[in-house]
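Visitor: Can you read through this structure? Questions will come right after.
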Amino acid sequence: MKTVTVRDLVVGEGAPKIIVSLMGKTITDVKSEALAYREADFDILEWRVDHFANVTTAESVLEAAGAIREIITDKPLLFTFRSAKEGGEQALTTGQYIALNRAAVDSGLVDMIDLELFTGDDEVKATVGYAHQHNVAVIMSNHDFHKTPAAEEIVQRLRKMQELGADIPKIAVMPQTKADVLTLLTATVEMQERYADRPIITMSMSKTGVISRLAGEVFGSAATFGAVKKASAPGQISVADLRTVLTILHQA
């Protein structure tokens, strides 16, 4: 299975990489959060731009991205607009969403973008191609904050992301029972062992699903999300605790 290298970080080998999310509403908030994150032990910084108030003003978005890059210079920067329908803070039209991601790619400030699987196959394929032309990697994602689909459906979605050109397919689902967590882990193993030719990221959310955030190296998930201050999704734990557990499992 091939790995994905972003800056000097190799995703898909060794312990799962830790992603943290920056969620400031204004440029001032973004700068102060980035400064607070500078000393934290993480691997990838995700900017959740759907939390940013001026998201429809390209100049403001790029100014904020530039400010983040000036403060955190050495970590890969993942640009993510999480749509309202997948648990995000705002809604954009498909045209606005694609234009925003293309502007991020054009800026030269970001290393990765997040593209939601269900944006539309043609739009997704074209944007993946555009990102790759500019040496920007693509995490393709799907989120279900209500339930855990059947393992077969989870695998099917991850395989479709791979077919659409994602560098890293990602899915996050909500467990209603402990068995739902096992469904997610089973799907992860099946995808990783039978179909994946690149790293994948999977997680079962909430307190019930925490084990999935910790045991990625065992089951086949290449990255996990942790919290520096405020969690960006249910079930995230602090980056310090996360690093400790990931290291223990890696060295076992």
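Quick reminder: no glycine exception, Cβ is built from N, Cα and C everywhere.
Found this in Swiss-Prot, in case it helps:
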type     : residues                                                  : note
BINDING  : Ser21, Glu46, Trp47, Arg48, Arg82, Arg213, Ser232, Gln236 : 3-dehydroquinate binding site
ACT_SITE : His143                                                    : active site, proton donor/acceptor
ACT_SITE : Lys170                                                    : active site, schiff-base intermediate with substrate
Visitor: Can you tell me whether DSSP puts Arg213 (3-dehydroquinate binding site) in helix, strand or coil?
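Guide: In three-state terms, Arg213 (3-dehydroquinate binding site) counts as helix.
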Visitor: Determine, using Cα-Cα distances only, which of these recorded positions is closest to Lys170 (active site, schiff-base intermediate with substrate): Glu46, Trp47, Arg48, His143, Gln236.
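Guide: The smallest Cα gap between Lys170 (active site, schiff-base intermediate with substrate) and any of the recorded positions is with His143.
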Visitor: Whole-number Å distance between the CA of Arg48 (3-dehydroquinate binding site) and the CA of the residue listed as 'active site, proton donor/acceptor'?
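Guide: Counting only the Cα atoms, the answer is 15 Å.
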Visitor: Where Arg213 (3-dehydroquinate binding site) and the residue listed as 'active site, proton donor/acceptor' are concerned, what is their Cα separation in Å, rounded?
Guide: 15
Visitor: Please report the Cα separation of His143 (active site, proton donor/acceptor) and Gln236 (3-dehydroquinate binding site) in Å, rounded to an integer.
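Guide: Between the Cα atoms of His143 (active site, proton donor/acceptor) and Gln236 (3-dehydroquinate binding site), the distance comes to 15 Å.
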Visitor: Given the binding-site residues Ser21, Gln236, which one is most crowded in terms of C-beta atoms within 10 angstroms?
Guide: Ser21
Visitor: Which entry in the list of binding-site residues, Arg48, Arg213, has its Cβ near the fewest other Cβ atoms, using 10 Å as the limit?
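Guide: The binding-site residues Arg48, Arg213 were compared, and Arg48 has the fewest Cβ atoms within 10 Å.
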Visitor: If you count CB neighbours within 10 Å, which one among the active-site residues His143, Lys170 has the smallest count?
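Guide: Selected from the active-site residues His143, Lys170 on minimum Cβ neighbours within 10 Å: His143.
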